[in-house]
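What follows is a single structure, written as structure tokens, with notes after it.
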Amino acid sequence: MEGRRSTQAGDGTLPDAPSSRSAATASHPAVTSKTSLTTFRFALAFFLFGTLNNISYVIILTAALELMPKGVPTGVVAFANIFPALCAKAIFPYFLKGEVQYKRRVWACSALTFGGMLMIAWFESAFMRLLGISIASFCSGLGELTWLQLATRFKSYAGEGVGWFASGTGAAGFLGASAWWVVRPLGVKGGLSLLSVLPWLMAVSFFLLVPSAETLIAEREGLGAAAGYAALATGEEGGGGRESGGVVSAEEDDDEEEEEEEGIRPNRDGANVRLAKANGAAPDDASSLEVSLSFSEKMELLRPMLFIFVLPLAIVYLAEYTINQGVAPTLIYPLPTPKEHPVLSHFIKKLSDYYPLYQLCYQTFVFISRSSISIFRLPAIPKRFLWLPTGIQCFLFLVLTSESLYAWFSADIASPLTIFLICIEGLAGGSAYVSVFHQVAMSDPAKRIALPSDADEEDDDDAEAGTAASLPELELARRVQQQEFRIACIGVADTLGICLASLVSMPIQVGLCNAQVRSGRGLCKEV
């Protein structure tokens with residue numbers, strides 16, 4: 001329509017207008033300090049989400065030997081600690097329709113994880129403890145989906161949210177293990193009861209730390225209210241503000257009071273969409289759009305990501321956790337002497353010290369690699385190279401398995417070389433995780449949408465204005481759910497790999513140890 005000004009929404013949040021940005025910054029000198037505080041809150045919140053969401057998983061694995069009666073293999077704990085998370089990641093993205101209810105999920109995950117950890121602490125029967133472990137695992141899987149999906153609501157800053165979340169999951173490894181060793185003298189009941197308060201800190205972080213998407217984007221871009229645009233609310237407030245779902249003009253005609261009658265209609269792709277009060281109101285009264293992606297639409301979104309994202313991440317974690325749980329426990333060497341290994345001899349005093357040292361090195365380098373984007377400001381692995389960590393991990397699995405079978409490493413460097421390779425394993429796995437989720441969070445296959453400006457629509461009648469405004473808002477609301485689903489369906493990949501590894505690792509460990517005994521090397525039986 002003539003006289004109508006269109007604005008390109010580059011990332012679905014705010015128009016990227018350098019001139020407006022510089023002008024707003026000049027007129028608002030407080031932007032810099034506000035931006036640093038807002039950015040810090042955003043980064044800290046997602047770091048804590050990653051840490052607190054995964055720390056219960058690490059604590060349970062670390063305490064596995066003390067949770068089960070003698071004779072029950074620790075692999076049972078490992079399986080109960082991962083399979084429910086796989087179920088959560090496999091079910092929720094595909095079968096739940098409509099907008100993600102973040103508040104409800106956060107309360108549910110915090111409360112159920114708290115209850116699960118108390119069940120483990122207060123009941124001594126294996127069944128009740130495994131049930132508590134399963135509940136905590138399910139909530140951990142659902143929590144990971146929730147935080148990754150929440151990051152996509154910040155659009156062009158979704159990659160930073162994913163990066164800080166990944167860094168937090170890396171920190172959960174050694175923080176969780178350390179936390180258990182600190183409370184271990186209190187016993188299972190006292191120690192886990194004390195640590196059960198940690199899930200509630202997730203809810204506290206969500207409601208107190210997370211800035212609104214509008215605040216983060218507007219302040220960091222230096223636009224504020226000067227640009228006259230704000231992120232489109234998608235129906236639920238969380239963390240102190242509405243999550244961003246797109247762009248809607250914030251200039252409101254005071255005389256415009258008509259509201260569009262609520263109704264349900266399919267969009268052009270068959271998704272059911274409910275429009276409620278799509279009247280182009282200001283941010284506090286913004287439109288509420290309910291979009292429901294069909295199962296077939298979700299399959300269409302998943303199909304192109306299977307080979308690029310899902311498969312390489314699943315194989316990375318299958319190889320990685322098979323090394324950790326099946327191969328590494330059999331890589332036992334004679335105790336190092338101070339003369340030959342002056343550093344290593346300080347850490348390894350007995351044969352049972354090898355495996356904890358392997359895990360410490362692994363967790364440290366997982367944290368380093370998962371923090372590559374957020375802390376070290378390194379770029380994510382390009383999409384075309386995402387299979388590279390998979391190849392490295394499979395190569396490491398073959399090398400370490402052959403070393404376990406044939407002991408072909410030179411005796412004087414065997415243990416240091418094994419530790420070095422396990423560090424590389426941590427780097428490969430962590431970099432694959434953060435890069436895959438970062439690439440998904442920052443990619444948006446949808447085309448740019450031209451949005452009409454209310455300032456140039458004064459000559460249009462109310463009906464035309466309402467219709468014109470609802471179409472881009474509908475599309476933007478739909479894109480929000482597309483991005484939430486895309487990042488959620490990737491989440492099943494790493495958990496599937498870990499779950500499969502927990503099944504194959506037990507026979508692999510037994511087979512490798514038996515092969516060592518047959519060849520005259522019985523150290524694996526002495527641990």
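From the backbone N, Cα and C atoms, a Cβ is placed for every residue, glycine too.
Annotation source TrEMBL lists region 'Disordered' at 1-27, 236-270. Positions annotated as compositional bias 'Polar residues' by TrEMBL: 1-10. What TrEMBL lists as transmembrane segment is 42-65, 71-94, 106-123, 129-150, 162-183, 189-210, 301-319, 354-373, 385-409, 415-438. Among the features that TrEMBL reports, compositional bias 'Acidic residues' is placed at 250-262.
The transmembrane segment (162-183) makes contact with the transmembrane segment (42-65), as judged by at least three Cβ pairs under 8 Å among residues 6 or more apart in sequence. Contact counts against the transmembrane segment (42-65), taken as Cβ pairs under 8 Å, peak for 129-150 among the stretches 129-150, 301-319, 354-373, 415-438. Across the candidate stretches 71-94, 106-123, 129-150, 301-319, 385-409, the maximum count of CB pairs under 8 A to the transmembrane segment (189-210) is reached by 106-123. Touching of the transmembrane segment (354-373) and the transmembrane segment (415-438) is concluded from the presence of at least three CB pairs under 8 A, sequence neighbours closer than 6 excluded.
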